[in-house]
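**Q** I'd like to ask you about the structure that follows.
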Amino acid sequence: MKYTEFEIISKYFKRNQKKDVNEIKGIGDDSALIKIPKNNILAISTDTLVEGTHFLKNISPEDLGYKTVAVNLSDLAAMGAEPKWTTLSITMPESNNIWLKKFSSSFFKILNKYNVRLIGGDTNRGSLSITLSMYGLLKKQIALLRSNANIGDLIYVTGTLGESAAGLFLLKKNIFIKNVNIRNYLIKKHLNPIPRVSEGMALRKIANAAIDLSDGLIADLDHILNDSQCGANINLNKIPISKVLIDNFQSQNYLNWALNVGEDYELCFTISKKNIDKLKIIKKKFLVNFTCIGYITPIEQGFNLFDNQKKIIFKKKGFNHFD
């Protein structure tokens, strides 16, 4: 049995989620109505995921439902915003009830984990693509902007880098690894990234600039440098690489994955040296590591990578939709 557009919305996407006090009208009308609390501003992020470009054709509906939400949460995390609401638009070749049930179940599972409510959306027929808009709140004057880095700031990243790219290459069979547990771990890092929402909210009062690492460290950090009109010195030996990658792959592979491939969805942020003691206190609250990889310099000095004090020549590349 195939459902109509409105039957799909009613059956799979109209859930009895915990209501938000600022939500006047949610899903089910021509538009949602939201009240913005006093002294707050609204952070808005939108991502479109297209089959064959952002996810492989054989991805499970459960993994796609999770990742659709996770990558948008990561954008809000980079601003220091608290995620509150979302809208979803799905274009798909046909009304597949089994697919919709699995997708929506995973989709709402991660929404509920982060206390986010679905307040609207749309369904259409066509090649599989998903567009999600995420809305979050934060107090005025404390957003983590890409343009706020200052000369002398230290540059930090959360977690480890390169594992998502390794998982992608395993899925595409560009590399092979015998250990099934390690293989599954890396693939999960690609399909089920952890958005650093709590970390972003904790950093918003002490960090200066931030970005989530979706396109690779070099490309994403370069956005901060361009917007802040600064340069940077990065030490390759300080980039956090997991023992899993070091033990199972060559260094040129995992460094390239960390620098250029992306989809780690960790946070890269800059912070003044005077706030390092505050950062140490924050670090104790989280299981994830915070690693200093370099510092911000005057724009005239450019963007530099060093390997044991030896300057490395590199190209500023990363994921680009139109390459």
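First residue shown is number 1, and so on along the chain.
A Cβ is built for glycine as well, from the same backbone N, Cα and C atoms used for every other residue.
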**Q** Of the residues D63, D75, D122, only one is listed by Swiss-Prot in the Mg(2+) 4 site with D30, S45. Which is it?
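**A** For the Mg(2+) 4 site that includes D30, S45, Swiss-Prot also lists D75.
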**Q** Need this for a regression test: binding-site residues D30, D75, D212, S214, D215, filtered to those with Cα within 10 Å of T46 (Mg(2+) 1 binding site). What's left?
**A** D75
**Q** Can you give me the Cα-Cα distance between D122 (Mg(2+) 1 binding site) and H54 (substrate binding site) in Å, rounded to a whole number?
**A** 20
**Q** What is the separation, in Å, between the Cα atoms of D30 (Mg(2+) 4 binding site) and H54 (substrate binding site)?
**A** 30
**Q** Relative to the Cβ position of R146 (ATP binding site), how many further Cβ atoms are located within 10 Å?
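**A** Total other Cβ atoms inside 10 Å, all chains included: 19.
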**Q** Return the count of C-beta atoms lying within 10 angstroms of the C-beta of S214 (ATP binding site), excluding that atom itself.
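**A** Around S214 (ATP binding site), other Cβ atoms within 10 Å: 21.
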**Q** Using the structure shown, find which entry in D30, D47, D122, D212, D215 (the binding-site residues) has the sparsest Cβ neighbourhood within 10 Å.
**A** D30
